[in-house]
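Notes follow once the structure below has been shown.
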Amino acid sequence: MEKLHGWAHGLGFSQIAVADVDLSSAEPGLQAWLDAGHHGRMHYMAAHGMKRARPAELVPGTLRVITARMDYLPQSTEPGWQAVEWAGLGRPEQAQISLYARGRDYHKVLRQRLQKLAEMLEAEVGPLGYRVFTDSAPVLEVELAARSGLGWRGKHTLTLHREAGSMFFLGELFVDLDLPPTEATSAHCGECRACIDVCPTAAITEPYRVDARRCISYLTIEHDGPIPVELRPLMGNRVYGCDDCQLACPWNKFAQTAVLADFDVRPGMAGAPIAQLLAWDETEFLRRTEGSAIRRIGFARWQRNLAVAAGNALRARDDAGLRTALARAGQGADALVAEHIAWALSAAPAPAALSSGPPPAGAL
Ligand code: B12
Ligand code: SF4
Ligand code: SF4
């Protein structure tokens, strides 16, 4: 195991551990979540049923799961980064992209490095049955991580570590080796409920339960249809993912920056004006998002998300330039995007003169 830890660190992982394959006690929770329809239109979540909780059924012969986590805060991140993010969320005319998606697509980074780790292990122990996963298959990754001691499950449902907060990705190696499982850690949420209270859409309906249909991460990334009109104003300027429940979490003052430069922020991915992003055509979108997770949502969803953010910006403060950018983006847009653009443009010009200075007589 010591060698394995050394190799993993060398590959950019912050920690690895070993989980048993018996996740049967997690099955009722998964089933209840699916029964409540909390997966929304993520049909893949329901399609595999309980296979998600049964690693040995998913990959026959699996005896243990080597779990791994990789910190992803961009290397340029300074202490107090949460305040920078909150300030970004307070600038309606700028697009806010979730921290995890500002650099290279983590699926690619983790998969390649887990594959290397497996090859190193195989070179040491001889022929090895293994499979690599990272958010790529029906696997209960947080459950495996928590059981093996990579952290505890926070009330926002993500894995949380005393010395690293939650700003890390998870990945796994399913192996047919009978390695000794590592111990779970204790939980340290206590009475805190900051993540629940801060969630803009009340998506954390109870501790440890997220209704994905309300989660901005789902709405901007996974959801392929129209965004419910009543949720649009709550999304603010978040155009890809959402970090709020993690920004509010006190443990994230211990979050670590990435060892790898892969997660460094790419141009246009932090603080870009919405109007500027709306001006990208599909070719530009594909060029700018090459190798990034954002590319996965495709141009139409990207424009849909920008339209919602633009609509919210116009509701905060009218802006002729943004209206023009929206109108231009609407030319030749498909029905989904066109409807969101129409919603954005329907924002009544905010009475800027009334928003500052003393209220008019009789207003109080
Ligand atoms: C589907 C999914 C989503 C969905 C649903 C999220 C969710 N909480 O389920 C959406 C699109 C909303 C989402 C958002 C995000 N995700 Co996501 N997501 C996944 C994915 C693919 C599966 C998660 C899953 O199995 N959900 C099913 C539910 C049932 O599981 P659960 O919420 O953990 O619930 C358990 C318990 O809480 C309990 N339970 C839940 N509901 C109920 C109800 C009842 C009645 C009962 C009794 C019990 C119960 O039972 C369940 C089983 O133990 C994983 C990767 C993977 N393959 O595991 C990544 C993953 C969890 N996501 C990740 C990330 C980074 C995010 C975001 C932060 C991205 C962003 N910045 O926008 C947000 C965070 C939102 C949040 N607070 O969860 C990382 C988390 C890393 C970490 N530190 O833990 C993962 C692990 C991907 C990865 N490989 O790194 N995600
Ligand atoms: S990611 Fe955002 S919307 Fe989703 S649960 Fe967290 S705070 Fe709520
Ligand atoms: S914000 Fe509080 S309750 Fe939520 S995960 Fe962090 S410590 Fe736990």
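The backbone N, Cα and C atoms fix where each Cβ goes, and this holds for glycine too.
As the structure is a computational prediction, the values presented were derived from the model and not from experiment.
Of the residues L170, L173, L177, L179, TrEMBL puts just one in the cob(II)alamin site with R52, D135, S217, C242, D243: L170. A Cα-Cα distance of 18 Å separates D243 (cob(II)alamin binding site) from C189 ([4Fe-4S] cluster 1 binding site). Only C195, C249, of the binding-site residues L170, C195, D243, C249, place a Cβ under 6 Å from an atom of ligand 3. In this structure, the CA atom of C249 ([4Fe-4S] cluster 1 binding site) is 28 Å away from the CA atom of R52 (cob(II)alamin binding site). Taking the mean position of the Cβ atoms of C189, C192, C195, C249 as the [4Fe-4S] cluster 1 site, the remaining residues of that chain whose Cβ falls within 8 Å of it are G154, K155, H156, L160, R193, A194, I196, C245, A248, P250, W251. Only L170, S217, in sequence order, out of the binding-site residues L170, C189, S217 have a CB under 6 Å from ligand 1. Non-local neighbours of the domain '4Fe-4S ferredoxin-type' (180-209) in the same chain are 1, 17-20, 33, 38, 64, 146-149, 151-157, 160-162, 215-216, 218, 231, 234-236, 242, 244-251; each lies 6+ residues outside the stretch with a CB under 8 Å from one of its CB atoms. Close contacts with ligand 2, defined as a Cβ under 6 Å from any of its atoms, occur at none of the binding-site residues R52, L170, C249.
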